[in-house]
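The following features are taken from TrEMBL:
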- 332-396: domain 'SAM' (DOMAIN)
- 403-476: domain 'U-box' (DOMAIN)
- 50-82: repeat 'WD' (REPEAT)
- 93-134: repeat 'WD' (REPEAT)
- 146-167: repeat 'WD' (REPEAT)
- 235-276: repeat 'WD' (REPEAT)
- 277-311: repeat 'WD' (REPEAT)
Amino acid sequence: MVTLIHTLADHGDDVNCCAFSSSCLATCSLDKTIRVYSLNNFAELPYSPLRGHTYAVHCCCFSPSGRLLASCSTDGTTMLWDTGGGVRLAVLEQPGSSPVRVCRFSPGSTYLVSGAADGSVVLWNLQSLKLYRSGSVKDGSSVACAFSPNGNFFVTGSSCGDLTIWDDKMRSLYNEKAHDLGVMCCDISSQPISDGEHGCRYFQMASCGQDNQIKLWLIFFADFLGAELKYKCTLSGHSAPVLACAFSYNGQMLVSGSVDKSVIIYETNTGNTLHTLSQHTRYVTTCAFAPRSPLLATGSMDKTVNIWQFDLKQPCAGSSVEAESRVAVEDWSEDDVSAWLSAENLVDFVGLFKKNNIDGKELLNLTRESLTNELKIESLGLRSKVLQKIEELRMKTISLPVTIPDEFLCPITRELMKDPVIAADGYSYEREAMEHWIRTKRCSSPMTNLPLHSLMLTPNRTLKMAISHWLETQQK
């Protein structure tokens, strides 16, 4: 079940984009402003609205930590803002001053990409705040962008309908004509899936366009293999151009917004429609799932942003701690802990935990004494509630898979090898994956990219025995 819980109506013109961090929602508009709201009560933050752009603001996005907010505009600039106080940190001018249509942070916050109406694509170095590399799409305007989960590749979509895969050196690795009348948006799921046919690990990508279609793709990234894109299927449901699409945090759902004024939520595994939302009165221009919490935001030319909440009991809502537990809790950042607190209805503790720099490791080590003496939580009931949630998290963490030794993982699939073989480059690979590499790629090493002087594959029995022994120890 999806429930409309709040409507934001502060913008004076079309809403072009909305984006979540773990604690905030940002929206931007043709009215030249960016507005920032707290997820605690959807109240606008004191420094909002952010003003500085001289024309319409087309896109906004948060850095992975949530500490930076980027916005881009028809005025030819991309601006960086400090989300702590709303201070403008930088103005990045697009070469040629072309209207900037899209901006995205890389997952590691190393780069910021900006794409413009003249087709230019710029990688900005976020440490120096200088232009690092630039390129251009084949034809048309650069209107969409999505980063791979490792941050080493990104995809752009153009108004001429092309999807282009780039590496972090701005080399164009792959180009695909995806939508006849132009791409409007694209997104890449952060959760990998396995391709049963070849044993490779792919990520799902969605693209949407003026042809009324949403297409799902399988995209494969590897530093030494390049990139590969395979068409998966087309999702139906909209009767007009689709302007926006986005995956949920766990990749189980995809949301889209259209000129037909509707929002459709799909189950990505089956392509089935889960929900159709029809509350907007004009074109739906943007949609975004919150990270690790059961919220969805949709924005429209009707000048409003609707906030939707999923029933926490829904297994596909992507908001439970079970989905979060796939990431080792002790590796959580302070923002991850804040997101967990929000998902567990402990929002009142977000500020206290951040003030005390509680990350995943600190969270798991909290005791009744530390909650009392260090965090100064005086209420016995509140201490007990927090401890109960932490204990539940510890129990889920215990059941997580152990880390597999890296030497047991195939360099191609990054999965535990069952039938390891030694190639002519001296490296060991899963037989099926290496045979597929030789059949479909070039006769070069996946590790070194140098030519293979022989295509012979020799069984690595010693490694196979070591893997078998390791598996036995894990079962005891």
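A Cβ is built for glycine as well, from the same backbone N, Cα and C atoms used for every other residue.
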Which residue counts does DSSP yield for the repeat 'WD' (277-311) in the helix, strand and coil classes, in that order?
-> 0 helix, 19 strand, 16 coil
Integer mean pLDDT for the repeat 'WD' (277-311) | 93
Would you mind listing the long-range same-chain contacts of the repeat 'WD' (50-82), meaning Cβ under 8 Å and 6+ residues beyond its ends?
-> 13, 16-24, 26-36, 88-94, 96-105, 107-109, 112, 114, 116, 124, 126, 129, 333, 335
